[in-house]
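S.K.: I am attaching a structure below and will ask some questions about it afterwards.
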Amino acid sequence: MEGIDHLADERNKAEFDVDEMKIVWAGSRHAFEVSDRIARLVASDPVFEKSDRGRLSRKELFMSTLKKCAHAWKRIIELRLTEEEAGRLRFFIDQPAFVDLHWGMFVPAIKGQGTEEQQHKWLSLANKMQIIGCYAQTELGHGSNVQGLETTATFDPKTDEFVIHSPTQTSSKWWPGGLGKVSTHAVVYARLITDGKDYGVHGFIVQLRSLEDHSPLPNIIVGDIGTKMGNGAYNSMDNGFLMFDQVRIPRDQMLMRLAKVTREGKYVPSDVPKQLMYGTMVYVRQTIVADASNALSRAVCIATRYSAVRRQFGAQNGGIETQVIDYKTQQNRLFPLLASAYAFRFVGEWLKWLYTDVSARLQASDFATLPEAHACTAGLKSLTTTATADGIEECRKLCGGHGYLWCSGLPELFAVYVPACTYEGDNIVLQLQVARFLMKTVSQLGSGKAPVGTTAYMARAEHLLQCRSGVQKAEDWLNPAAVVEAFEARALRMAVACAKNLSKFENQEQGFSELLAELVEAAIAHCQLIVVSKFIAKLEQDIGGRGVKKQLNNLCYIYALHILHKHLGDFLSTNSITPKQASLANDQLRSLYSQVRPNAVALVDAFDYTDHYLNSVLGRYDGNVYPKLFEEAWKDPLNDSVVPDGYQEYIRPLIKQQLRTARL
């Protein structure tokens, strides 16, 4: 059975060039080549072995993380890897670690909020990992409400220092990755108080541990917050708590690009616009959308391959049973997730472009598109992470009972991924930010101020409020204009309805509070329109051969029509489509599933994930599932002995009825 490709027949059905699709998925030939080379480098290195992760104790898991991070840095130096290559190396090692926050939050925070002098001082140390940083914003009592943070930074003009203090238990920093046991420094967010006045939350670079023996510095209480959900998973990360008892830092350790405090204690906003801070936020959130695509595609790869291997029912006269992937119920649940993985990939690519565009505009002091870009990235972060977390769990169910095994790769993937729904902004709170922006945009429609970017469709409000879909047959749902117009009409009509309902309240904030649920739904409709329109825009580019284009076309319309089906109530209640057109959409959806079916395994092969990265018996490239499930079972420590520990003390007395009965 070893060496046999049990999925060869499936791969032979493919109607497109898989290597071409790999390049499309990666974004370019260069990106594909880098990714492919680094993935195989990681897979071939025994230090990065991870198949035993679920059997390790918390301390063993943390120790393995330290070992892998140290080895990774050594390899980065030895091989002289570029920043891009080093990033891919950390990605394929696939173990949450302190380096994630160091490179993903600590360094970008200093780049975005530090002066040139501060960047030169701190980044020169951070880039060589001579200091290890984390991002200490969230507190025990406040997460999404950043303005409610309680930690204080009070300026003392006598000593030219800030005094960092945790005045309450709920002000303790809680959750920062890397903080618990590793970080030597943190960007700490605290309320800046000088001359008796509170100037709100600002960032400060604070040293936490000695660079000689790693012990916490005086008056700093720091530790790990404890075991999180799942075996392995995020338990490799030392998420921490942190409290300050009147800790003093030099004045120049306040991040001073956006504002500074003078030697005399005067608060001085800088000439650099505060909006520049949003550039960092856009960057972080676009990486989260890309991560959503990575996680969902990984789950879908496992579920698709296993659905092609697994056979149940349907045998005639003792013949072979039916592949689970051939059941329409399986396709109806699986193929929209496959389509979503591609959709999120392409909207993530577009967000990368958006970040570059916004950054260039900010440098030129052009802030016109910033509110829209901020709302857009907030909404897409929320939409994609929610859909991905739900999608991973659906993939586990699609694998039946075996999906519940740790070695399926799905339980750990779910446990690693679900925090994304709350970190960097709770998903409901983020959609409410989108809703506020939409309400503002709707209120300005008659003012002559043209909506920009992803809200540009609102400029055609008069048409979209009156138009009726022209779909008359199932194939009409493959017309991009028809699909986009239906999504635009739904999004606009829901937003306008919310705005009308808000206008009935004398107090706008009270109205907003009463209509929260409807506002979230309107924001989601807007964000789904963005994903659909960006997927369709991708199809208009020169990508791959005809076979590749056809498959992407199928996936695009599966995504759009599945969303239409899932949110049918919205489309019907807003009169964006008729019940008959909804029925035609379902007919077209079934046809698209049939077209994707022979290409399904090849479409997940295009993700180009090694077996090492997937870490899934069910998702193995060769499909040799059942012997490998037995191999994994025998590795469990409970199988170290045939007769279990505890037999003589507990099992034998029970069976032999030799348990002593207690006297009352």
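Glycine is treated like the rest: Cβ placed from N, Cα and C.
Keep in mind that TrEMBL annotations are predicted by a computer and have not been checked by a curator.
Okay, these came from TrEMBL:
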{"type": "ACT_SITE", "residues": "E424", "note": "active site, proton acceptor"}
{"type": "BINDING", "residues": "T138, G177", "note": "FAD binding site"}
{"type": "DOMAIN", "residues": "17-132", "note": "domain 'Acyl-coenzyme A oxidase N-terminal'"}
{"type": "DOMAIN", "residues": "134-235", "note": "domain 'Acyl-CoA oxidase/dehydrogenase middle'"}
{"type": "DOMAIN", "residues": "278-439", "note": "domain 'Acyl-CoA oxidase C-alpha1'"}
{"type": "DOMAIN", "residues": "479-656", "note": "domain 'Acyl-CoA oxidase C-terminal'"}
S.K.: Count the other Cβ atoms sitting within 10 Å of the Cβ of T138 (FAD binding site), across every protein chain shown.
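M.R.: Its Cβ has 20 other Cβ atoms within 10 Å.
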S.K.: Do you know offhand how many angstrom separate G177 (FAD binding site) and the residue listed as 'active site, proton acceptor' by C-alpha?
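M.R.: That separation, Cα to Cα, works out to 13 Å.
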S.K.: Do me a favour and check the Cα-Cα span between E424 (active site, proton acceptor) and T138 (FAD binding site); whole Å is fine.
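M.R.: Answer for this pair: 10 Å between alpha carbons.
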S.K.: Based on DSSP, tally up the residues of the domain 'Acyl-coenzyme A oxidase N-terminal' (17-132) by helix, strand and coil.
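M.R.: Counting residues by DSSP class gives 89 helix, 0 strand, 27 coil.
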S.K.: DSSP-wise, what's the residue breakdown of the domain 'Acyl-CoA oxidase/dehydrogenase middle' (134-235) into helix, strand and coil?
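M.R.: Once the DSSP states are binned, the domain 'Acyl-CoA oxidase/dehydrogenase middle' (134-235) shows 9 helix, 44 strand, 49 coil.
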